[in-house]
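**Q** Handing you a structure now.
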Amino acid sequence: MATSSNYTHPFTNNNTRTKFLTSSKDGVFGSSPVSVTVKKQGNQTRQNSIRSALQTPSILQVPKQTPRKTSKTIELPSLSPSPKVPQNWNLLQKLASIALDAIEDRIKDNEKLHPLPKTVDPDVQIAGNFSPVPEQPVRHSLPVAGKIPEHFNGVYLRNGANPLFEPTSGHHLFDGDGMIYAVKFDNGSASYACRHTETHRLVQERAIGKPVFPKAIGELHGHSGIAKLLLFYARGLCGLVDHNNGIGVANAGLVYFNNRLLAMSEDDLPYHVRVTPSGDLKTAGRYNFNGQLESTMIAHPKLDPVSGELFALSYDVIKKPYLKYFWFSPDGKKSDDVEIDLEKPTMVHDFAITENYVVVPDHQVVFKMSEMVTGGSPVVYDKEKVSRFGVLDKYAKNGSGIKWVEVPDCFCFHLWNAWEEPESDEVVVIGSCMTPADSIFNECNEELKSVLSEIRLNLKTGKSTRRAIISPENDVNLEAGMVNKNLLGRKSKYAYLAIAEPWPKVSGFAKVDLSTGETKKFIYGDEKYGGEPLYLPRDNASDEDDGHILAFVHDEKAWKSELQIVNAKTMKLEATVMLPSRVPYGFHGTFIPARDLASQA
């Protein structure tokens, strides 16, 4: 289960700290790998290696443990030695930049007088194998132990947060710039590449040579958060930055739709990324569905496996409507927005679809911008609010027909599937119920739990029931995963979910029978941790579990990364692809078959 609250992260010990070195080669945080660890002993300083990833057992509740010596060093990209001045700035803009930089330095100096919560402390959030890596051009013919399954022709991609620059103040793991890690399979061979998604934000910061866009979670809290927002808009008024074309990081979800790979974070439009014939990645640009999408789109749109339609949400933290729903036809034509009436701006990170409905959570984690005035975070847990789910016809013209069903004390950061059971007038929702609900964003001492749950919404009575799918004595934290994509919105037997222990690292994954709770676990190995498992069904499979599970795995002892391929039916390892560079722990992924790659836009 989650680690004990008696522990603290060893990076809070002032005697040990990972240093970022300046490189004269590239001048960006993500340019070339360098590493050193400095340990103070009395008045002497000496270079020493530490196994940093093992010192990061939790982003949320952080174990105390003594740093252990190892022969492996931590590879960290280098930091720009000094900010750049874009050549097209005039004299007044250069002077304005100097003045605003000086104000920013004063704000940061004031911040240093107060300790950062672990939820926004960079030494906790991006230490060890959560730390960034440089881009990796394509490497072909990777070493493989075992045999790559014959139906693996295409590319496996996973998204993640990989900050280009070393954080200079508060930073949450979710704040990092998006990077996509790709393994391309071609007739039994494999290649690897990883690239930043060239967001509007990243391109500007790279040109300036330092981070200037505020970090939504790590920095926007308290009076300093307000000051940084004002500073950012002042830079915009002076023409030093352009915030009119999105400020998102595109680091969370990936979906392949209408011949396009889309990288998403819920604070912006998607970004279109192309997979080249060689297996490399190239950002085509911010994508608004040919001018049809004018709002943000959350990172978990749902692709209906039968109709081929894409369903999505957009939420706003400032003005009504706080939530909108829309969908796209298979050829990319957007519906009108459907406004869903919410009393407060709510974090809606995920939702679900069934054959006929869309299921929208309205939970207790809300946005309250006024909290910043009193020194707090705008992401808060509203204990007076009752969690509920809204069930709306998938093709509704407006939100008036939504049926709300209360599900008290329920917060599901992710929903794995949902389906209808007409004989009982119920919609069944499968999700992981997380407590404390806001622990990802706000520091707390309570042990975090994520319980795989079946939630039944009775559309006739308006009542709900909820049960834990796995018995308490066998329960583990399950967060991040999927069901067979061909059964999304239909009744499924199995879910493949990450075993998020020691939280938030992932020691393996579980194949769970959703009706009986029977759980079969696959553990990545001694001191090996990974991320979200992706289930790839075999073409024309006769059974729901006839396929394979893919997962990026990092060996914290050898400090090397690999891709493990596991048979979903037998739960046995079939192949391991040795990767040429480290893959940080990240977020969500997808698989694009070769036949789809051939028709990319």
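Residue numbering: from 1, along the chain as shown.
Cβ coordinates are placed from backbone N, Cα and C, and glycine is handled just like the others.
Just so you know, TrEMBL annotations never went through curation; they're auto-generated.
So TrEMBL says this about it:
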- His300, His349, His414, His588: Fe cation binding site (BINDING)
- 62-82: region 'Disordered' (REGION)
**Q** What are the non-local neighbours of His349 (Fe cation binding site), defined as same-chain residues 6+ apart in sequence with CB under 8 A from its CB?
**A** Glu266, Ile298, Ala299, His300, Phe413, His414
**Q** At a 10 Å cut-off from the C-beta of His414 (Fe cation binding site), count the other C-beta atoms across all protein chains.
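**A** The answer is 22 other Cβ atoms.
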**Q** If you take the centroid of the Cβ atoms of His300, His349, His414, His588, the listed Fe cation site, which other residues of that chain have their Cβ within 8 Å of it?
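**A** Everything else in range on the chain: Ala252, Gly253, Ile298, Ala299, Asp350, Phe413.
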**Q** Counting every protein chain present, what is the number of Cβ atoms, excluding its own, within 10 Å of the Cβ of His588 (Fe cation binding site)?
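**A** Within a 10 Å radius of the Cβ of His588 (Fe cation binding site) lie 23 other Cβ atoms.
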**Q** Including all protein chains displayed, how many Cβ atoms other than that of His300 (Fe cation binding site) lie within 10 Å of its Cβ?
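**A** The answer is 20.
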